[in-house]
Amino acid sequence: MAQLTLMPHESGAHNRRSRSHDSSFPLVAAATGGRPTRRPVWFMRQAGRSLPEYRAIRADHGMLEACFDPAMVCEITLQPVRRHDVDAAILFSDIVVPLRAAGIDLDIVAGTGPVIAHPVRTAADVAVLPRLDPAGVGAIGKAVELILGELADHTALIGFAGAPFTLASYLIEGGPSRTYARTKALMYGDPRTWNVLMGHLADITVTFLRVQLDAGVDAVQLFDSWAGQLSPADYRHYVAPHSARVFAEIAGYGVPRIHFGVGTGELLPAMTEVGPDVIGVDWRVPLDEAVRRVGPGKAVQGNLDPTVLFAGADVIEREVRRVIDDGDRAVAAGATGHIFNLGHGVLPTTDPDTLTRAVDLIHSVDLP
Ligand code: CP3
């Protein structure tokens, strides 16, 4: 009798993905208009330097080395889930991992972030950019399978990628920037080259997300962290078509797609138009006001100011309850659901116990 041999991505991981449409995941339920069993919460940058167990691993291993080692990715991804009982794990990786996998010479420097050896600034630089072969991020697909084998049934695994604009800003600036002057100079000054670059980065992003989705992630977040540097008109003209293509090309997976950027209060309508199911909101705009800006039918995610976690237990409780109340008002105003999060990533010096206590509080408050 012929033996049916399942490829890894066709076995457990696939089953998990098909389960992600039911409401056993509070995060998926909140994202899709179902009724979550509890108020879902996770934190951007929950896997990382606020955790001593993360720093212990990183003491002996470089950041990129860790990102391409499936067992290490699995362990670091699970650390905050074990500690905080959050409703989602976020894959431990970085937005520049697919660029590195494509062969672009870069490093992630502690305290600085991504540094690109040869910044991309001319049409000739753009013309020779490498493509991403899915095999180049095979280690990340493998990591997703390991994580899914360990996660509890109610805990979603969120995959992610950087959006074309934010990736372009690193490639062009060569590292972090305050003004994004070189990025915007290329965008305004040579829109043809800009569009070739953005199209190329959208392809890399789609490939990276598909590897994670094929391996079974339950949701994805597209980080356009620095899009808030742009006016709504420029965002719509120079960025939105490329981000919209990313969302369209992964729509067939049927998993919730989250979109987030910092300082994007004015961009919330435009960032919603590109097609996510969930819109991430930073701490500058209350969640109920965010719904007025994006309209009904989308879930909202956010938006506790990460610095509140340094202000003491009383302030943390007051602010967590305020965000919960804003979230409930957002749902009453037509949002599909509310996923509790910070307004940006966990700061490295955060006492992780404050996060654990915040999760307990969030889970203890009844849903409306
Ligand atoms: O827990 C998680 O959220 C998952 C892991 C994660 C990392 N980077 C790990 C990381 C995620 C989702 C990212 C995404 C990322 N990377 C973004 C988008 C999210 C955002 O913050 O807006 C951006 C802009 C980057 C680029 C980047 N990589 C920055 C700005 C930095 C921080 C620089 C610093 O050291 O302060 C990194 C490095 C990085 N990425 C670290 C971690 C845990 C720190 C590296 C270390 O431990 O030495």
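Just so it is clear, glycine is given a Cβ too, placed from its N, Cα and C backbone atoms.
Binding of substrate is attributed by TrEMBL to Arg45, Gln46, Ala47, Gly48, Arg49, Asp94, Tyr170, Ser225, and the same site annotation extends, among His338, His344, to His344. Recorded residues Arg45 (substrate binding site) and Asp94 (site 'Transition state stabilizer') have their alpha carbons 10 Å apart, per Cα-Cα distance. Listed recorded positions: Ala47, Arg49, Asp94, Tyr170. Those with a CB atom under 6 Å from ligand 1: Ala47, Arg49, Asp94.
The separation of Asp94 (site 'Transition state stabilizer') from His344 (substrate binding site), Cα to Cα, is 15 Å. With a threshold of 8 Å between CB atoms, the same-chain residues lying at least 6 positions outside the domain 'Uroporphyrinogen decarboxylase (URO-D)' (40-49) that come near it are 25-27, 29-30, 55, 58, 76-77, 79-80, 84, 86-90, 92, 158, 260, 339-342, 344-346, 348, 355, 358-359, 362-363. Shown in sequence order, Met63, Leu64, Cys67, Ile108, Pro114 are the residues of the chain, 6+ apart in sequence, with a C-beta less than 8 angstroms from the C-beta of Asp94 (site 'Transition state stabilizer').
Under a cutoff of 8 A between CB atoms, and with a sequence separation of 6+ in the same chain, the neighbours of Arg49 (substrate binding site) are Arg55, Arg58, Pro348.
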